[in-house]
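K.L.:
Here's a structure for you.
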Amino acid sequence: MPGKPKHLGVPNGRMVLAVSDGELTSTSGSQAQGEGRGSSLSIHSLPSGPSSPFSTDEQPVASWAQSFERLLQDPRGLAYFTEFLKKEFSAENVTFWQACERFQQIPASDTKQLAQEAHNIYHEFLSSQALSPVNIDRQAWLSEEVLAQPRPDMFRAQQLQIFNLMKFDSYARFVKSPLYQECLLAEAEGRPLREPGSSHLGSPDTARKKPKLKPGKSLPLGVEELGQLPLAEGRPLRKSFRREMPGGAVNSALRRESQGSLNSSASLDLGFLAFVSSKSESHRKSLGSGEGESESRPGKYCCVYLPDGTASLALARPGLTIRDMLAGICEKRGLSLPDIKVYLVGKEQKALVLDQDCTVLADQEVRLENRITFQLELVGLERVVRISAKPTKRLQEALQPILAKHGLSLDQVVLHRPGEKQLVDLENLVSSVASQTLVLDTLPDAKTREASSIPPCRSQGCLPRTQTKDSHLPPLSSSLSVEDASGSTGKRQTCDIEGLVELLNRVQSSGAHDQRGLLRKEDLVLPEFLQLPSQRPGSQEAPP
């Protein structure tokens, strides 16, 4: 006789969202002892991840979703993860990681075995002709010469990159894959897990058997027969697990920030975050619980890459600006929001406007770039400007735009701090003067050259007129040459330059006199047609 329909949901606390918050930590002193054995990535030194109210012996499959490190510590979980990577044609990543783990356990004194294993790992995964090459950055490439002096930790950097790639990219897809959902369902029903690579979970009869229900009965909400769902529709099965979690557990788990450094080829799966948000919202609507729905409804998230290389998740809540959304993250990380530029990943040409609504960044990735600001006091112009530049720029590069605006060059100015005579080297990085005030002085010869420079249009317009009035110009003396004819001294003659300036001013004045004539007080007489009748010459007052 069929009994009541069995609820297949996992009890509260047994399902943790697949957002790992484990942190790659260095090995402690006790772990690093003993002939260079062990590594910060050793499976014995991996962080345990978030604690669970249920032991891993009771619920081993559910514990796989708590952290990537806990998955690697379970041999069966590692086997299922390897099978998943085979379907994605990236099983060489976990194979390389396991090979590095075994390599680090070789004593440093056993140079023969180290050399043999290092040769095998290099030619199988890292060389240009490798049979199963792994995806690592150019900075982590190794040449074959390093095999001459093998060390237990010689592949640590490459192993770290592959570890981050699996943790932040492959692991997020594994915990929401149909393969993992089948394992969760089998564990919830008490069925034994199938061996990785086989076609069915447990007994084929139990795996394919459709639940028989009494008339008028139905399966619990969110639970359907897995075999009848297409591949893309297999995900709603997770809705039954999330339904029984406390209301704040979903939000708190989603707010966890990843503490490990991100590899350039690894990224957080934002599609999974959007799926969690949409499924949670639709599930609450189906339950018909209207109380507090607007307050507890989770929104979509934005992945924020920080300047130090780490990543964080920000809730794109409607009604908030991008500035408000990032204020909490910047305050927590000790960043000054006015000194931050925000760029969309892949579109770094133009920074985002922080006053627009943050919902435009839902399911998007943004990158924060820090800017160094300092105050620059222009003595000659009596102005104070605020300059913002990248930390990697030098002072001469940051000052170039303001100097070009005022027609100056780097050899015409000096930079120093207020009240100090010691000059600031323009080759220093901008980060060395962060939040400081600098004074920009111009050299005396720079001021002279700026005052003596005459626009070509003015000089060309007045020179032809002065050719007809040579009597007004004093003869040019031989002392007006800027440099000596022999070129031995090469020094500028300041007095001759001043004489040239006075001469050019007189040339301009002569040109104006030739055109308009000298304006005197006697010449300022109104024409007759503009004068009043009483002011006209020869006019008489009419008799009364």
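The backbone N, Cα and C atoms fix where each Cβ goes, and this holds for glycine too.
Model, not experiment: these values are computed from the prediction.
Taken from Swiss-Prot, the feature region 'Disordered' covers 19-59, 191-220, 449-493. Per Swiss-Prot, phosphoserine is recorded for Ser20, Ser42, Ser45, Ser143, Ser199, Ser203, Ser218, Ser286, Ser481. If you look up Swiss-Prot, you'll see 23-58 marked as compositional bias 'Polar residues'. The region 'Necessary for interaction with RABGEF1' annotation in Swiss-Prot covers 297-424 and rests on similarity to another entry. Look at Swiss-Prot and you will find 300-371 tagged as domain 'RBD 1'. Marked as domain 'RBD 2' by Swiss-Prot on the basis of sequence analysis: 373-443. The domain 'GoLoco' annotation in Swiss-Prot covers 497-519, and the record cites sequence analysis as its basis.
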K.L.:
Just how many other Cβ atoms lie inside 10 Å of the Cβ on Ser143 (phosphoserine)?
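P.N.:
Taking all protein chains shown, Ser143 (phosphoserine) has 9 Cβ neighbours within 10 Å.
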K.L.:
Run through the region 'Necessary for interaction with RABGEF1' (297-424) and tell me, per DSSP, how many residues are helix, strand and coil.
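P.N.:
Its residues divide into 33 helix, 46 strand, 49 coil.
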K.L.:
Can you check how the pLDDT averages out over the region 'Necessary for interaction with RABGEF1' (297-424)?
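P.N.:
Averaged over the region 'Necessary for interaction with RABGEF1' (297-424), per-residue pLDDT gives 82.
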